[in-house]
Amino acid sequence: MNLGSHLKPPICNLAAFQSSNRKLQAPRTQIDQPLVPGSSQRFLDKSRSLTADCLTYDLEDSVTPHMKAEARNLVRKAIDQPSPTGIRERAVRINSVDSGLALGDLTEVLKSPNLTTIVIPKVNSASDLTFVTDVVNHTLAQREQGERTPISLLALVESAKSLTNLSQICAASPLLQGLIFAAEDFALDLSITRTPSLTEFLFARSAIATAARAANLPSTIDLVCTAYKSEKGDGPPAVLQEECRDGRRLGFNGKQCIHPTQAKVADEIFGPDAAETEWAMRVVVADEKAARAGRGAWTLDGKMIDVPVAQKAKAIVKKAHACGVDIDALRGKWEHQEPE
């Protein structure tokens, strides 16, 4: 079942927010985001059986122009239903601000208190995010919402203009949670051809990951891998695994996927490693004790632990917590760990 594009972003919320406004909501990242065509009732119904951090209903590319109004209605009804047991959050990818359709999309989907994330395509400048943020704030202020999860935004980087405006885009809205690299649209804008090495995207990918980190955005989601099964059909393709590892090395913490079968690979590579998380918690617990004893450096398993290593361990624990790992239980398991 091809429901469109799965966004494996971050996966998890790994960073604190920079501005005081962002601190009003806990950073959150979605390990996987199935993108479901909003005009297809069949796919909307099937999507309820998926397991995903964030189920994303699409009003943009997968919906033809004459179906836009109907798609809004179908998506609104889908969001109004109780959340499926396997879904943590539900999002909507609206049409771009330049299309003239974004206001209608937002007006309809914001009626639902169950909406948590808005994915904004073709973000070319800060004004695109400012527009969406203003509409969100104005719309919600007109309604008695009661207790509801704050809305977060994810911005798609799809053009050279977007890339050159990254600093302003990242600072444009306190609701912004992350960046997504749309490689195919970017290639179209620059009239370049995608190759297996992906070297033509190296500058753009590095710039996006760096800008998101500089702005303390939790989610940095890498390009789609077009292969979702091996040539023999006996498992995930090697290119998918390599793209995930390559993206992680560049600083991304999530992967867009075009098929549900890609989700497991992305989870394994971008998600928290169990052994690494256990090691990190041991370091964190022992480092707290070392600090109380006035020790700046100590050893664990015969290896020196100093400030940079301890900071890395804390980051790993923070990532694991954002991904749903029971950190309290893990801390309890290693509460007797001592610095050597």
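Backbone N, Cα and C define each Cβ position, glycine as well.
TrEMBL lists 36-260 with the feature domain 'HpcH/HpaI aldolase/citrate lyase'.
Within the same chain, residues at least six positions away from R93 (substrate binding site) with a Cβ under 8 Å of its Cβ are L35, T56, Y57, D58, L59, E60, I118, V119, I120, P121. Residues or ranges marked as substrate binding site by TrEMBL: R93, E158.
The feature Mg(2+) binding site is assigned by TrEMBL to E158, D185. According to its DSSP assignment, D185 (Mg(2+) binding site) is helical.
In the three-state DSSP scheme, R93 (substrate binding site) is classed as strand. Once Cβ contacts within 10 Å are tallied over all protein chains shown, the binding-site residues E158, D185 are led by E158.
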